[in-house]
Amino acid sequence: MTSKFLSAAILCLAVGTALGDDVLEGNYNVTAFCTAVKTGTNLGSIVSCDYYYVCTSTGPQKAYCSSGYAFSLSTGSCTPVAQANCYYGVENPCLGRTGESWVPVTGTCNQYYYCLDGVNKGQGSCKGTQSFDKVSQQCVYGNCIAGSVDNDEPNLTNICEVVPYGKYFGDTQACDTWNYCQTNGTLQSNKCSSAYNVETGECVYANDNVCSRVTDTPLGTAPTQCDTSGDVKPNDKICGSYYTCKGQTWVSVDCAYGYYYNVGTKSCVLRKTATPVAGCNRCQYATTTWVNAVSSTTCGTYYYCNNGQASLQTCQDKYYFNENQQGCLSTSDTTSFDTYVKNNGACAGATVSDDSETTTESEVTAIPKFFDTDEETGQWI
């Protein structure tokens with residue numbers, strides 16, 4: 001009886017599981033960065049020097065510099081254009097410079113422009129895996145892969161291209177990791193014994209609050225390079241996102257709100273009919289507490305959604321999960337099962353085992369308003 005009341009209580013909760021859209025600039029996930037820095041931190045853009053992002057408790061908010069000013073990583077604020085040392089979206093990166101100078105080609109890690117008295121005189125590249133350092137205006141030893149970042153999309157090649165110098169910040173893949181951008185734009189990283197608190201800048205004991213930033217969204221550039229421009233692949237964590245190959249780099253692309261990337265058609269389709277990659281979080285854009293997990297065999301796995309986080313559950317043998325009914329139903333009613341599989345992409349390809357018995361509509365047990373759960377396993381019964 002207790003489990004029935006608990007089940008009913010949970011079902012009556014107001015549900016708000018849809019995830020907010022991440023703010024992206026090419027492969028730069030501004031939203032992910034904001035979870036790793038102290039609230040109030042300003043982050044740069046890799047599209048334009050004219051604006052920046054203020055990391056608030058609810059995510060990044062775009063803010064603009066006044067005319068004649070640009071965002072500077074040295075100060076973490078807007079400064080006169082000539083002092084900002086910022087080149088994103090600038091028509092003439094040599095403007096205002098006297099004598100000889102070299103400035104970076106944005107979106108690349110190894111290319112530069114040669115400037116003479118404010119005029120762009122040509123473009124060059126560092127040799128091998130060397131990177132171009134905009135502070136010293138020289139080629140330095142690094143791990144830049146020549147040509148891998150030369151594309152038309154905004155491209156983040158170094159975490160310290162967007163985080164102000166002298167700021168400590170965390171990581172979105174490991175709670176114990178802290179990072180620091182030195183004044184020359186070089187990243188320094190280390191680990192705490194337990195966890196790093198981005199708000200206090202201290203090493204502390206790990207807890208859910210301190211480590212809530214830890215997700216599967218990495219900071220920095222995509223670690224995987226691609227070979228064929230135009231290739232696409234699913235995001236195995238986020239159903240409503242996929243990757244496309246541009247300039248030998250995988251670039252993240254989001255589907256429209258309420259749409260998932262369908263692996264069969266390699267396009268974005270409505271969430272209900274989409275068959276996303278197995279294992280991705282179908283709590284995204286959900287309007288119910290329990291949702292189907294992707295299952296092409298039995299349709300018997302489902303997620304419990306809590307603030308967008310998914311907890312995997314499994315129906316008992318010969319039962320499938322029905323997202324509309326919010327419970328596990330018997331596969332003995334093969335007609336209903338087949339109809340559900342046909343209309344719900346998460347279960348595409350699922351079949352009833354051979355030893356299941358077919359029943360008529362009159363033999364199917366009516367679905368109660370609330371389902372009971374097994375107190376030990378937590379499964380629907």
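Backbone N, Cα and C atoms are what each Cβ position is placed from, and that goes for glycine too.
Caution: TrEMBL annotation is automatic and unverified by curators.
As recorded in TrEMBL:
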DOMAIN    31-88  domain 'Chitin-binding type-2'
DOMAIN    91-141  domain 'Chitin-binding type-2'
DOMAIN    157-213  domain 'Chitin-binding type-2'
DOMAIN    223-282  domain 'Chitin-binding type-2'
DOMAIN    283-349  domain 'Chitin-binding type-2'
SIGNAL    1-20  signal peptide
Top stretch by Cβ pairs under 8 Å to the domain 'Chitin-binding type-2' (157-213) (candidates 31-88, 91-141, 223-282) is 31-88
Restricting to the domain 'Chitin-binding type-2' (31-88), report the mean pLDDT as a whole number.
91
In the domain 'Chitin-binding type-2' (91-141), how many residues does DSSP put in helix, strand and coil?
0 helix, 24 strand, 27 coil
